[in-house]
């Protein structure tokens, strides 16, 4: 589970929709809130109504300062943890069984009668222990969170780097296996297709069974397949192993943002997601720079060996240092430990009550990201914009060598201009970090989460992005007249636009679908990666056939046409979320 509350005096508290005022008052007695004038706000999630208790704007400043401990207090309520489990397992509409019924049960055996009913299960159900429970990820020491973030970011960088480092192997693959360039590029396409497909499986599984198990499995399989590619004897094996390396290794693309949402409240979440976004974009851009040096001095196989060694180190780091962040799974582990220590088998967590068959898992959870993508207009249109931008990133992997190697005659170090892209991304990340303060001010003003306020930075970046594309492509179109530094500087503007569109999109999706953040991000990753897989296939033909300048004009016009997307969501986003079946807050 993740931070699940619009900002109020002490963070919003998720209550079942049938909760009465008296139950709300009981909750107040736990210390989660202690003032009057509470107004309920309804929102929907997975087909059922929920209620959040929010305060007036007067307490909003206090909320910004004290949100870290409030969700722990809210999750100390049995009804809340039980409701959250129903959301994550897709069993919201299934009634709670409150009476013992032995009608269809097998005999106890030994001619024994059926046992009497147990006391209320609420007495045996574990929750978090108030606002300062050290088990709750919001209350973990910052040093611990930083370490976990470092491990998660390295995991994300490993998979992102591997997606594009194969571009440095393409010339050798063409020469050794006697294939044309578009066939060799399939090594990139199949890998990205692999990590387009699997996050829609990994994300729901992480919401059922926790983040760590999914990440460990993914990191281990990813490392193995990198060594398999490096030792492959033929092209078919290379391509098959590249696909499965991407498929198995893609868990970080959906699970890492959800893990960040598990650990950080509204004050810090946006800044933490910025680190993940840098890894997602800097990895594919930095890897050709590194890959060109490796490929020029050794063979293409060492590209895969290097990634495999890096992935192995990340796997060890996850096993040794990563701690489970998924809130319901933490309570499951707490219940297991208490049962072992006390020998009281009745102690349990709400997440253990739901038993799902393979069929249930597929129908209720694994299909959820795809269903969300196509029934949620908010998620669909933001994802289309995000996917187009991500596809541009992989187009640039083809355009840069055409401009700087074929145009300007760079023989070695032809990938160094990529660094301008990275500089632009870092500048944009710093800008969005600054804009996060503006976002928190808007939350204070409304007294709740305002996901649309994340999009103001995207309006600016969306304008800079087509300018950067046109700058880079048209100045790079005349290498004999214009110095190579001019298109290089244009690349910095492209980098600013890439990061400035991707990061607000990701934050917007997470905060709009907070309880189902992993599934929403997986849906986004599915389409985004599909674009990233397809774009390189036609990149060379487009840039060579149309010319760098005219191809850039086409891309720039597409990018300019999408500038209104964040403006539309700024105006209509809140009303769309109110009608949503899955959105968190309205």
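Note: Cβ is positioned from N, Cα and C throughout, glycine not excepted.
It should be emphasised that the depicted structure is a prediction, and the values quoted were computed from it without experimental measurement.
Marked as topological domain 'Cytoplasmic' by Swiss-Prot: 1-145 (among others).
The region 'Disordered' annotation in Swiss-Prot covers 1-57.
Summarising the annotation, Swiss-Prot assigns phosphoserine to 19 (among others) and lists experimental evidence as the type of evidence.
What Swiss-Prot records for 52 (among others) is phosphothreonine.
Look at Swiss-Prot and you will find 72 (among others) tagged as phosphoserine, backed by a large-scale study or a structure entry.
Per Swiss-Prot, phosphoserine is recorded for 76 (among others).
Annotated phosphothreonine per Swiss-Prot: 89 (among others), in sequence order.
According to Swiss-Prot, the feature phosphoserine maps to 91 (among others).
What Swiss-Prot lists as topological domain 'Extracellular' is 167-181 (among others). The average per-residue pLDDT of the prediction over the topological domain 'Extracellular' (167-181) is 90, rounded to a whole number.
Residues or ranges marked as transmembrane segment in Swiss-Prot (evidence: sequence analysis): 182-202 (among others).
What Swiss-Prot lists as topological domain 'Cytoplasmic' is 203-212 (among others), and the listing cites sequence analysis.
Under the heading transmembrane segment, Swiss-Prot lists 213-233 (among others). Within the chain, the transmembrane segment (213-233) has long-range Cβ neighbours (under 8 A, six or more residues past its boundaries) at 152, 155, 158-159, 162, 202, 205-206, 241-242, 244-245, 248-252, 255, 301-305, 307-308, 311-312, 314-315, 318-319, 322.
Sequence-distant contacts of the topological domain 'Extracellular' (234-242), counting only residues of its own chain at least 6 positions beyond either end whose CB sits under 8 Å from a CB of the stretch, comprise 166, 173, 177, 179, 186-187, 190-191, 194, 225, 228. Under the heading topological domain 'Extracellular', Swiss-Prot lists 234-242 (among others), citing sequence analysis as support.
Packing against the transmembrane segment (243-263) from elsewhere in the chain are residues 1-3, 137-138, 140, 145, 148-149, 152-153, 155-156, 158-159, 162-163, 190-200, 202-203, 206-207, 211, 214-215, 217-219, 221-222, 225-226, 228-229, 269, 272-273, 276, 280, 311, 325-327, 506, 510, 514, 517-519, 521-522, 525, 529: each is 6 or more residues past its ends and has a CB under 8 Å from a CB in it. If you look up Swiss-Prot, you'll see 243-263 (among others) marked as transmembrane segment.
Annotation source Swiss-Prot lists topological domain 'Cytoplasmic' at 264-271 (among others).
Sequence-remote contacts of a segment are chain residues at least 6 beyond its ends whose Cβ falls under 8 Å from one of its Cβ atoms, and for the transmembrane segment (272-292) they are 149, 152-154, 156-169, 253, 256-257, 260, 263-264, 303, 306, 393-394, 397, 400, 412-416, 418-419, 421-422, 425-426, 429, 432-433, 495, 498-499, 502-503, 506-507, 510. Among the features that Swiss-Prot reports, transmembrane segment is placed at 272-292 (among others).
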Range from 302-322, 377-397, 415-435, 506-526 with the greatest count of C-beta pairs under 8 A to the transmembrane segment (455-475): 415-435
Around the Cβ of residue 342 (phosphoserine), the count of other Cβ atoms that are within 10 Å: 10
Other parts of the chain folded back onto the transmembrane segment (182-202), taken as Cβ under 8 Å at six or more residues beyond its ends: 159, 162-164, 166-167, 169-170, 173-174, 214, 218, 238-239, 242-251, 253-255, 366, 369-370, 394, 397, 521-523, 525-530, 532-534, 536-537, 540-541
Winner by Cβ pairs under 8 Å against the transmembrane segment (550-570), considering only 302-322, 377-397, 484-504, 506-526: 377-397
Cβ-based contact of the transmembrane segment (377-397) with the transmembrane segment (302-322), 3 or more pairs under 8 Å: no
